[in-house]
Each structure stands twice: as structure tokens, then as C-alpha cells.
Amino acid sequence: MAPSPDLMLSIEDIKIAGSKKLPLMAREFYNSGSTTQVTVTENSTAYNKYRIRPRVLVDVSNLDLTLTLFDQTLSFPLGLSPTGIQAMAHPDGELATSRACARRNIPMAVSSFCTYPIEDITHASKTINPIPHAMQLYTLRDRDLQKQIIQRAESAGCKAIFLTADSPVLGVRYNEQRNDFRTPAGLSWPMMGVTSEAIQSQTHDAGFVATNSDAHSWAREIPWLRSVTRMQIWIKGVLTAEDVLLAREYGCEGVIVSNHGGRQLDGVVPTIDALPECVKAAGGKLRVHIDGGIRTGADMFKALALGAECCWIGRPTLWGLAYDGEQGVTRVLDILYDEFKRCMQLTGCRTLADISPAALAIIRTDGPVARL
Ligand SMILES: Cc1cc2nc3c(=O)[nH]c(=O)nc-3n(C[C@H](O)[C@H](O)[C@H](O)COP(=O)(O)O)c2cc1C
């Protein structure tokens, strides 16, 4: 039996409870990053060098946490990043995640390596609350298959494509090699058109190489995407001002500052440290969101103070699913909502627009805490 939700007070609690329920192969696949795990760790610890500068005696009895995205008003600035193979964490997989997002009115991005068809995933939320979904895409060797995924996503009601740009090849993941990671028998990737038997027959890395194109480029992908869909085009996996400028030039609607949760190149910049230059380069011309290592409402607050419009989380969804399916994911969302709301109240911020760099200080190695 799952521990009482009353005792699940933090994302760390859910990580521990959820991880305990997973077999080693799944747990390490979900929780690890690439090679030495520096980036997976630093994505979270990098938040600690910021301290919050709260304002006091502000009337915070009436807060507005809402965000308008994809023409919908959402509860608070959080979304669920695309993470593959969710049915390995809980049999209901992406359906449970979609329902939890619907109950808490936040957006969901769906991995191309989802274990349910996109039609079923968007349908799962519709009867509760039609939240926006985004379809995550890799650049595939098979353009017809890529087009098929896009068309199915659009017909299923998705609002955006999240083109994952940081993965011409997979990062070096020791856990996958040591555990000979394979998606468990019985699970398939319906959007990729891959059966359970076919998945079983090769390693995760070999399967990725076989389907994914490393010959991608801005000029090859973005105009083609525009020609086949009316959905918004976002670039996921951007870490530099240079690439934000290219996303602007190519007319993308948004970028997600992301390093794939430390699963691609180890030793890249933690996302919270990449954020300021990306926000500056965006110049208000396209939306800038962030994921990677966000585990508390205070982390969300810091990311917004540094200019992100919205935060996204990856692994906490998987831990919530493993802990208790839809209820587990809902619990993750409730924890972050409550922590973020209280952080706003305790800093004297009544709206998201009140959260600015003035709310942060940075710990410097050469002296006292400094204002930004
Ligand atoms: C198990 C797992 C699977 C993932 N699968 C995908 C994927 O299919 N496509 C993608 O763009 N990102 C994928 N990601 C990366 C997430 O979208 C996200 O960028 C990352 O998890 C955010 O960091 P966090 O887990 O520290 O919150 C995956 C991450 C994990 C942990």
C-alpha cells in the first residue's frame, strides 16, 4: 500500500516513496542523467546560490497565480515536461498524467515515446477539463512518420509542437548499458509505430539511432514544420542566447531552456544559469520557459524572478506516477502549487508580474549576498 498522502510533504518525499516502488532498471532509467551526473545534480543545486529578498507588510489576501498560455487561463505557471515510457511507472501512464493535469488545470507535454496514443491521452483530460497538450517531437529519419505524428497530434487537439533540439544522438547513459535497459515487455510506443516485440529486440540507444536523424538543422526543420502544421512551434533544449536568437529569426513561438534533465550532455550549464542570457536574447519576442531540477515552489519563484514565464518538471511526474498513479501526480502538483503560493505570499508578491529580479539576491564567493 502507498504511504498516506498526508506524509508526502515534499517532492523529495514523493521521489523516495515512488523510487522505492520501481525495479532497479526503471528507477535508474528515470532518475539518472548522463556520464558523471554533474548536470542532473547541478540543475537543482544551482538554485541554492540565489536567496530571496522578501517584502513585508503587503496585503497578500488576494493573489493571482494564473497564466495565459495557448489561449487558456491556467492555474499557475507550471507544466509537465515530456517524459517517455510513463506506463513503466504506473499502468495508466500518460492517461493518469493527463487526468492529473486536467484536475489542476495545467498543461501537459507528451513524449513521442509515450505508451498510449495521443488521441487517448488528450481524451483522458477532456471530460474533466480540456487542458492544452503539446506534442514533443524528435527529428526523425522517416519524414512521413514525423508528419503522421504531427497530424495525429493536431487532430487530437494539441496546441504546440515541442521540437527537442538537444538530441541528435542520445547522451551517454551508463545505467542503460549496465542494466541493459529495455522498455518492459507489453509496452509499446504507439506514436512511433513500434510494437513491444520490436522494442525488446534492441537497446534503447540502438533504437534511437535507427529512428532519429542527426542531420537536423534550423533551416531543415522549422520551415518544414510550418508547412505541415498550424500548431505553435517551440524549441526545447536551448541553453544559449545564440540559439534563442535563431529561434526568434525562424519565428518560433517559444523556447524551453532545458538540458534534458541532465540526460544528454553532462557538464553543460545548469538551466537556471542559462536562463538570464536566454531571456535577454528573447527580448520579449518569444516565450521563454524552463525545466530541469525544479523541485520546490521557491525554485519556481526564482526561475520567474530571472525571467521565465513558466516552469516545467520532468521526473517529479514519474515519481508521482510510481507512488500512486493519477493521485500521486496530483499530489506533486498540489505540493508545488501550495509552496509557490506561499512563497508569493511570504515575499509580498500578489501577481506573477510582481516577481522580478528585485526579489532575488545572489551569494557571492567574495563577500556578502549581493542584489542582482
Ligand atoms: C525518464 C525521462 C524521459 C524523458 N523523455 C523525454 C522525451 O522523450 N523527450 C524529451 O524532449 N525530453 C524527455 N525528457 C526530458 C524532460 O522533458 C525534461 O527536460 C527533464 O526531465 C526536466 O528535468 P527534471 O526531470 O529535473 O525536472 C525525459 C526525462 C526523463 C527523466
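Positions of Cβ are set from backbone N, Cα and C atoms, glycine also.
The domain 'FMN hydroxy acid dehydrogenase' annotation in TrEMBL covers 3-365. Residues or ranges marked as FMN binding site by TrEMBL: 82-84, SER111, GLN136, THR164, LYS236, SER258, 291-295, 314-315. The feature glyoxylate binding site is assigned by TrEMBL to TYR138, ARG173, HIS260, ARG263. What TrEMBL records for HIS260 is active site, proton acceptor.
Everything TrEMBL records as a feature, shown here on the structure.
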{"residue": "GLY84", "record": "FMN binding site", "CB count, 10 Å": "20"}
{"residue": "GLN136", "record": "FMN binding site", "CB count, 10 Å": "26"}
{"residue": "ARG173", "record": "glyoxylate binding site", "CB count, 10 Å": "21"}
{"residue": "LYS236", "record": "FMN binding site", "CB count, 10 Å": "26"}
{"residue": "HIS260", "record": "glyoxylate binding site", "CB count, 10 Å": "25"}
{"residue": "ARG263", "record": "glyoxylate binding site", "CB count, 10 Å": "22"}
{"residue": "ASP291", "record": "FMN binding site", "CB count, 10 Å": "27"}
{"residue": "GLY293", "record": "FMN binding site", "CB count, 10 Å": "25"}
{"residue": "ARG295", "record": "FMN binding site", "CB count, 10 Å": "21"}
{"residue": "ARG315", "record": "FMN binding site", "CB count, 10 Å": "23"}
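With a CB cut-off of under 6 A applied against ligand 1, the binding-site residues PRO82, ARG173, GLY293, ARG295 are reduced to PRO82, GLY293. Taking the C-alpha atom of GLN136 (FMN binding site) as reference, the shortest distance to any of the binding-site residues ARG173, HIS260, ARG263 belongs to HIS260. Cα of LYS236 (FMN binding site) to Cα of ARG173 (glyoxylate binding site): a span of 20 Å. For PRO82 (FMN binding site), the same-chain residues 6+ apart in sequence whose C-beta sits under 8 angstroms from its C-beta are ALA109, VAL110, SER111, SER112, CYS114, ALA134, GLN136, PHE162, THR164, LYS236, GLY314. Annotation note: HIS260 (glyoxylate binding site) sits in a helical segment as assigned by DSSP. The distance from the Cα of TYR138 (glyoxylate binding site) to the Cα of ARG295 (FMN binding site) comes to 26 Å. Looking at HIS260 (glyoxylate binding site) and ASP291 (FMN binding site), their Cα atoms lie 8 Å from each other.
ARG263 (glyoxylate binding site) and ARG315 (FMN binding site) have their C-alpha atoms 11 Å apart, to the nearest angstrom. All protein chains included, TYR138 (glyoxylate binding site) registers 21 other Cβ atoms within 10 Å of its own Cβ.
Across the domain 'FMN hydroxy acid dehydrogenase' (3-365), the prediction's mean pLDDT works out to 96. Distance between Cα atoms for ARG295 (FMN binding site) and ARG173 (glyoxylate binding site): 23 Å, as a whole number. According to DSSP, ARG295 (FMN binding site) sits in a coil region rather than a helix or strand. Under DSSP, GLN136 (FMN binding site) is assigned to a strand (E or B) in the three-state scheme.
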